[in-house]
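Peer 1: This is the structure I want to talk about, given as structure tokens.
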């Protein structure tokens, strides 16, 4: 950070016992840890974008275009691993969760500040291991991010190291979850009852439970892959009496709930932004808070819907299909409540709100296409096609990705004391939104027409739509570049941002900008709910 | 809650949450066990008979005794009996070492008979037998790693007690490490019947 910026910024940026880089990587201040997470996840996001961009470029025409088939396999594997484990799972909870959660509760830090720092270190170490695995051993893994056996047990690429890196990342995720649950239970300010907790923090509470209860299963599963490769245990090898479908069960017992680790915090961000920019209390506060828990609970019982074509019993397919549809109910509750909040509100269309609004639309498209995948009959038609890829991007990128940028535009000025420019933010948003739909909607159509996912080559009749999707990726990337550049530039050089310009009623808007090291000069006493704008003394 | 005062309830809550994740970690192995048991009940029975009941039973007694020492050390530190606490902690650590030594004897005896992961004998035998011993080595190996980690944590707490950093007023770290040790013991209580006493 340049010197003049540091001068302009007070608060936790300046106040420190150590100096230089040590004041960051050994800091137990939740805001500094959140910032470190933010920079890491954003960097990995950009790496993932580049890889995704290359995959799309390869698919612009049938046959070899820019890379070989083996490189293509490595590209989509690394894109998946980086985006899933390094960006989207820690994305909002670890970065914005750390920045915002303790302040929203009226606490001075999380319950275990040193464990919090340990989580970040584990994240950094895990990320380094994953990155090292790309360039050492037999080369970058080529299994897909799911590491399916038997291929992952046999391929000569560097799967063991990559899988071990993901194991370490899982440990980081578990510790963050434990920390947040304990913080929410033990560190609330006087008057911060359960029904006064801001919805972002509520969503992090639900997320934390999923992190704690699901991640250990992926940990043991990944250890099994490593032992399978090193010791040859044969537990997933049919020749030795093992069962590869057991791997899929264990993998998805974690990885489906992990989808809710990814999306729930995004929903929380939206639940905080919509009422502020509509100048209206949120509609159905309790239902939104409760639906987060309902999604976390129901979402943990639907992993089998990834396996309709694996040879699972018909009864299993039926049960998993039914449970999958149940998740739609709490998700729809949220969408209806956000829309109802805006009804007759005084809506102000600034950058955070635009990202929040596009979240609702894109997430709804993603959710509805999810119903097509949840019903066994239609799923068998589109299984492992580009339809699934498109659906997943609508939920994860259209959902969580847009929520991530909504959160960045909403909260970051608070932590920097400076803000981005509004116009480039809106231009960038338009490009992202248009490019996104051109790219991923086309991919869903491609999938309906039968183009499989993960294939290096395709039939000539898919060419036209693939060109459209690739052009969409260019527009999308242009939008991302503008948004990130504008945020970066604005936060270091932009107009001063003080007071409470958005008019939020949650606690983070009641303290100095940027927040001081210990957040509160004196412990706050909470007397009103997070969305009661009237009579709460909002400037 | 203010930052200055130490929240020992919160620390224990965090530890319990962590112990849940440990149970789930072992739960993954037990799920595999239950699936393969229904698939190969006969081979699992025969495999169980090949494990040494004396070694297993002795280790069960050793671990239960270690847990007793650990639990008593918590009471001792709360009463301010520093030397007694240190003695009991040494007892726990000693039991951990005995456990690991017996495990070493047991594993090397099996290796001697050609029973180890991917061994020619297991590959030639029925698939169910290979699966049983793969699971056996996986589960007891993972458990053994936990015993080692627990032993290191116990040693670390003993040093803190010695230095007076843990005392009758502030002892939540010792309590948490003891909780962890009880989990290690508890997991073994499941491993013993599932592998040694089956059928």
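Every residue, even glycine, has its Cβ placed from backbone N, Cα and C.
What TrEMBL records for this protein is below:
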DOMAIN    A:24-527  domain 'Cytochrome oxidase subunit I profile'
TRANSMEM  A:36-55  transmembrane segment
TRANSMEM  A:75-100  transmembrane segment
TRANSMEM  A:120-139  transmembrane segment
TRANSMEM  A:159-181  transmembrane segment
TRANSMEM  A:202-226  transmembrane segment
TRANSMEM  A:246-270  transmembrane segment
TRANSMEM  A:282-303  transmembrane segment
TRANSMEM  A:315-333  transmembrane segment
TRANSMEM  A:354-374  transmembrane segment
TRANSMEM  A:394-412  transmembrane segment
TRANSMEM  A:424-447  transmembrane segment
TRANSMEM  A:467-488  transmembrane segment
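How buried are the listed features, and what sits near them?
Peer 2: Note on the transmembrane segment (A:120-139): residues 25, 33, 36-37, 40, 44, 74, 78, 81-82, 85-86, 90, 94, 155-158, 160-162, 164-169, 171-172, 175 of its chain, located 6 or more positions outside it, place their CB under 8 angstroms from a CB of the stretch.
Outside the transmembrane segment (A:159-181) by six or more residues, the chain places 81, 85-86, 89-90, 93-94, 97-98, 101, 110-112, 115-116, 118-120, 122-123, 125-130, 132-134, 136-137, 141, 143, 147, 152, 204-205, 207-212, 215-216, 218-219, 222-223, 225-226, 229-230, 261 with a CB less than 8 A from a CB of the stretch.
Outside the transmembrane segment (A:202-226), and at least 6 residues removed from its termini, the chain residues within Cβ reach (under 8 Å) are 93, 97, 101, 147, 149, 152-153, 159-160, 163-164, 166-167, 170-171, 173-174, 176-178, 180-181, 184, 233, 235-236, 247, 250-251, 253-255, 257-258, 260-261, 264-265, 267-269, 271, 288-289, 292-293, 295-296, 299-300.
Same-chain residues lying 6 or more positions outside the transmembrane segment (A:246-270) and placing a CB less than 8 Å from one of its CB atoms are 84, 88-89, 91-93, 96-97, 146-149, 173, 199-204, 206-207, 210-211, 213-215, 217-218, 220-221, 224-225, 235-236, 292, 295-296, 299-300, 302-307, 310, 334, 338, 356, 359-360, 363, 395-396, 399-400, 402-404, 406-407, 410.
Residues 195, 197, 199, 202-203, 205-207, 209-210, 213-214, 249, 252-253, 255-257, 259-260, 264, 267-268, 271, 274-275, 320, 323-324, 326-327, 329-331, 333-334, 337-338, 340-341, 343, 529, 531 of the same chain lie 6+ residues outside the transmembrane segment (A:282-303) yet bring a C-beta within less than 8 angstroms of a C-beta in it.
Within the same chain, residues 284, 287-288, 290-292, 294-295, 298-299, 301-305, 307-308, 367, 370-371, 374-376 sit at least 6 positions outside the transmembrane segment (A:315-333) and bring their C-beta atoms closer than 8 Å to a C-beta of that stretch.
Distant neighbours of the transmembrane segment (A:424-447): 56, 351, 354-355, 358, 362, 365, 369, 382, 385-391, 393-394, 397-398, 402, 405, 409, 453, 462, 465-466, 468-483, 485-487; these residues of the same chain sit at least 6 beyond its ends, with a Cβ under 8 Å from one of its Cβ atoms.
Non-local neighbours of the transmembrane segment (A:467-488) in the same chain are 42, 46, 49, 52-53, 56-57, 59-61, 405, 408-409, 412, 420-421, 424-425, 427-440, 442-443, 446; each lies 6+ residues outside the stretch with a CB under 8 Å from one of its CB atoms.
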Peer 1: Where else in the chain does the transmembrane segment (A:75-100) make close Cβ contacts, counting only residues six or more beyond its ends and a cut-off under 8 Å?
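Peer 2: Cβ under 8 Å, 6 or more out: 30-31, 33-35, 37-38, 40-41, 44-45, 47-48, 51-52, 54-55, 58, 67, 110, 116, 119-120, 123, 126-127, 130, 134, 140-146, 162, 166, 169, 172-173, 176, 180, 200-201, 204, 207-208, 211, 258, 261-262, 265-266, 268-269, 396, 400-401, 403-404, 407, 411, 415, 454, 508.
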Peer 1: With Cβ-Cβ distances below 8 Å as the criterion, list the same-chain residues six or more beyond the ends of the transmembrane segment (A:36-55) that contact it, or say none.
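Peer 2: For the transmembrane segment (A:36-55), the nonlocal Cβ contacts are 24-25, 66-67, 72, 75-76, 78-79, 82-83, 86-87, 90-91, 94-96, 98-99, 120, 123-124, 127, 404, 473, 477, 480, 484.
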